[in-house]
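Peer 1: Relevant sequence annotations retrieved from TrEMBL are reproduced here:
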ACT_SITE  C24  active site
ACT_SITE  C24  active site, nucleophile
ACT_SITE  H129  active site
ACT_SITE  H129  active site, proton acceptor
ACT_SITE  N144  active site
DOMAIN    11-190  domain 'Josephin'
REGION    269-289  region 'Disordered'
Amino acid sequence: MSGKPAGNKGRAGGTREEQEGSLCAQHCLNNLLQGEYFSPVELSSIAHQLDEEERMRMAEGGVTSEDYRTFLQQPSGNMDDSGFFSIQVISNALKVWGLELILFNSPEYQRLRIDPINERSFICNYKEHWFTVRKLGKQWFNLNSLLTGPELISDTYLALFLAQLQQEGYSIFVVKGDLPDCEADQLLQMIRVQQMHRPKLIGEELAQLKEQRVQKTDLERVLEANDGSGMLDEDEEDLQRALALSRQEIDLEDEEADLRRAIQLSMQGTSRNTCQDTPQTSGTHLTSEELRKRREAYFEK
């Protein structure tokens, strides 16, 4: 790991990796850098290098010492079989890009009295979970891999959001240095996105959609059993109304999913043509109607 990863920069176009196993440290780094810059193998290599450096330091006290033998019997503190990586691994990985981590609530940083909105990104950790909060263009996003999509965070809410994380036991690190260029940042310098509904936890959304489909199927089965039986009684009319409401809720879910995809596409900017075709509307706040038209125009291409 003596140099920057090669061959990945072209793919750094607004990625937001979703949770896979326990590899949240990898997702956190790649969401921060906006590309597939680090693999589990590369992070494992850094962890093994740190383990070896720790072993050599312990060996200085004598390889026959009790402390050294105890150290060899302990598992690695930098990684485990589940895919967890330590803050030391993340810090060393970011050094490849000339980036440094500073503890947000450290006395040294707090004395600087820097407003969080004047930073560019944060890395948050609680127990074995890592995620990134980053500014793309002129807006802040929570790029937590456990969510169904990026969560928009307003400038006025950012400080409160970070304070809430600290109350919940999170450690927050400020990322210092110049992040690599990415198309999502360039695209969002020209437009502002508006999020109508916050993303849900991945498992929560799947459970709700499954429950809605089951309810719809049960209602349709009851109605089919009454098909052709003549005048519907009051209970059956209630069922029909409930079915209509169920379909309406699913349609609303589909509209919310479309909006999340539109936001994701605006963040990704994976096609350079999309950037070239986007009107230069720096600082423009898109209404939901304008966002809908942009989304329709995109899918008509």
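Note: Cβ is positioned from N, Cα and C throughout, glycine not excepted.
Please treat TrEMBL annotations as automatic predictions, because they have not gone through curation.
What's the neighbourhood like for these features in this structure?
Peer 2: Listed in sequence order, G83, F84, E128, H129, W130, F131, S145, L146 are the same-chain residues at least 6 apart in sequence whose CB falls under 8 Å from the CB of C24 (active site).
Counting every protein chain shown, the number of other Cβ atoms lying within 10 Å of the Cβ of H129 (active site) is 17.
For N144 (active site), the number of other Cβ atoms no farther than 10 Å from its own Cβ, over all displayed protein chains, is 25.
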